[in-house]
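Following: one structure in structure tokens, then a few remarks.
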Amino acid sequence: MELSEGELSHTSSSSSFVPVDQRQLQDAIQIIDENKHFNTGILDYINKTSPADVGNNYHIISVFGSQSTGKSTLLNRLFNTNFDVMDESNRQQTTKGIWLAYSPVVSTTLGHTTSKSNILVMDVEGTDGRERGEDQDFERKAALFALSTSEVLIINIWETQVGLYQGANMGLLKTVFEVNLSLFGKSKLETHNDHKVLLLIVIRDHVGVTPVESLAKTFTSDLQNMWSSLAKPAELEHLQFADFFDVTFHALNHKVLQPKEFGEGINRLGDRLVVSNELFKPEYHHDVPIDGWTMYAERCWEQIETNKDLDLPTQQILVAQFKCDEIVESVFQEFLAKYQHHFKEVDAAPDFEELGALFADLRQDAFEDYDASASRYNKAVYEQKRKKLRWLINDKLKEVFDVHAKNLCNTLLEKFEKDLVALKGKDFAVNVKTLSTKLVEDVNFQVSLMSLQGDLSLDEIILALTKDIDAIVAKQQVIELNSIVNKSVKKLSASLSKSIQFELGDPNEETWDNVLQQFKGVYEKFGGDFGLGTSSTQNQQAIEKFKFKSWCQFYDVTHKLISREKLLALLQDRFDDKFRYDENGLPKLYLNEQDLEKTFAVAKQHALQVLPILTFAKLTDGSEIVPDYDIFDSKLREQFLGGYDDSDDEEDHCFAEIITEQEKSEVLAKFKKEVDAKYIETKRSIVQHITQIPYYIYLIILVLGWNEFMAIIRNPLFFSLSIVLGATVYVLYYLGLLRPALVVAQRTMDEVIVMAKTKLREVLIDDHEVTGRQLNKMAGSKENIELDDM
């Protein structure tokens, strides 16, 4: 809705004419006379008065309003036409029938402005004239003709008429709008055209106390309410006022008391027409050349005048409408009282069959009351208002209907959702179809019991239910799809972990080729439609997510199994395998330093040869392992993992680098420290073994202890023990265990010596130290006694 307000005034009824070149003026032509005869010479008049071929370049403007309100004066001042105007000394009807005139120029703030388009103006006989009295037939038909053939309909109204019903011609407009809807409504539905008519409300004699915006709001509200109350055909009930009309406003001051302001308001209205061109829109035009419009106007008048389907309401029908409306209102109020009594509370678990029967009884009671009072009036009106009552009752019952239907749907949807979760992805798509079909059938059956045999539509309920089902299924599909992805990633992670652990047993140049081959074996098998009924896009997204997570798992598992600590332990184990044990897996005994140094170098080399293999994932062809996705990209991690650590963005990552150079140096330093300690320990044991007792000492012992040896030989007990000891030594020598046995014996002896020294130190300790300890013990005992006494 548009507004335009001048600084304006109080009733303009006298003729006022802006001087214009009289040679440009053309006499108006009466296209419909007061006896309802149509003038077929319109086209000749237009061709004669127009300066050039009109074609489609024209606009039709008409004026509508009460008699003697200055309609003709407004047109003459604005469009520089020469319609007859009322003699101010004698208020009586001036315009009879409908007149048409060509506008040579339009009055604007720039002066007389020539329009780019040809403007044809129709002056329509005023309404509510004393000459016609109660005969409103012509004024209704004339108003309908103007509305049907014009692009812009000027409704000329005094400020004091705004808010009135009869004074503002609302009753007449209602009748005209009803017939207009019947005439053009079906055409609009069939052709889907966007044709409209602009209602230009010119508020005359505007004092300025009430703002134009307020007047416009009141008048627009009256139009909307009037449209809502129209008796529309069933197929046209959904059409709105805005589908047929646009509304804009313009206010004019009093022509006599404020002539200057009145003229300025006229000029501003002219600006809106031809300067800014805001009032002429393509959808207002009938989109036919001028000769087609004249033919259309003639056919339109014939249909309005003669077609019985468009007969305007008679007084009898008007009375019937009024009385039937009263009866409908009374019956509906009685229905509402019963409605409130029965449906004060909503039953959580109703019997739908009983509820449907109650609906039918309430409605039938209302129909019987209506029929008893309204059936004596005009049958068409009676039936029409009965339909209105039916619609009112159905609309009210629909409230309870919707509540129970919604509760039923919610209950069944909860069960449906639990059933979906219980499927755990097994035959998901098939079971979803079965469950959803059963759910819709259950709702359809239960709700139809209270639908008044289909009068209360199930379409919205079923549509909403279907959307809810789709939403629940879509949600569960995502859950199941994520579950499949996560389970597959776990399976891949377990397989990858086993593969890496196996390769760590004996790493070599083909280690990462084997790991990658095992990874790709599981990685590339993932795919398909998953049997969830998901779209190809969702399936592809799931595959992408699986692959991204798989590479993340590759990275995480390798770093978990090959950490600094585990790498150090692995190097030590490989070193010990060569340094402490021989090829047969038996403990190795070193008898000289040369053998120790040689074995130490071999063991150390054996351990360190896997360090470059395990710290950087490189294939046999020299290339590093590169993932299909940049798993360190924050956007990808957000997309596939749902979040990421901002601190990771500050670090430079290399997928193939398992141990950094700094960590590698730390591991190498710790490894060297550990193996060097083992080397020194082993070397010390060799030195101890070599420096024990010289061999010649054994010869001296043999010479000096000959008698003792002989005594042992001659003694059966000692001789037997010697035989057993000798046999044991021989067996150990034969089995190759003599050296290990000697080492064990030597270490046992060393431990015995250490323990003996400790005991001897305790025995030989100074007496004063012993005495001191005893005194300390006594003092402690005394304190304990005192504390106990306390």
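Placed from the backbone N, Cα and C atoms, the Cβ positions cover glycine too.
Swiss-Prot has this to say about the protein:
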- G65, S66, Q67, S68, T69, G70, K71, S72: GTP binding site (BINDING)
- 55-284: domain 'GB1/RHD3-type G' (DOMAIN)
- 1-692: topological domain 'Cytoplasmic' (TOPO_DOM)
- 738-790: topological domain 'Cytoplasmic' (TOPO_DOM)
- 693-713: transmembrane segment (TRANSMEM)
- 717-737: transmembrane segment (TRANSMEM)
Binding-site residues listed as G65, G70, least Cβ neighbours within 10 Å: G65
PLDDT averaged over every residue in the domain 'GB1/RHD3-type G' (55-284): 83
Least Cβ-crowded entry, counting other Cβ within 10 Å, from the binding-site residues listed as S66, T69, S72: S66
Intrachain residues whose Cβ lies under 8 Å of the transmembrane segment (717-737), provided they are six or more past its termini: 711
S68 (GTP binding site) CB neighbourhood, other CB atoms within 10 A: 20
All-chain count of other Cβ atoms within 10 Å of K71 (GTP binding site): 29
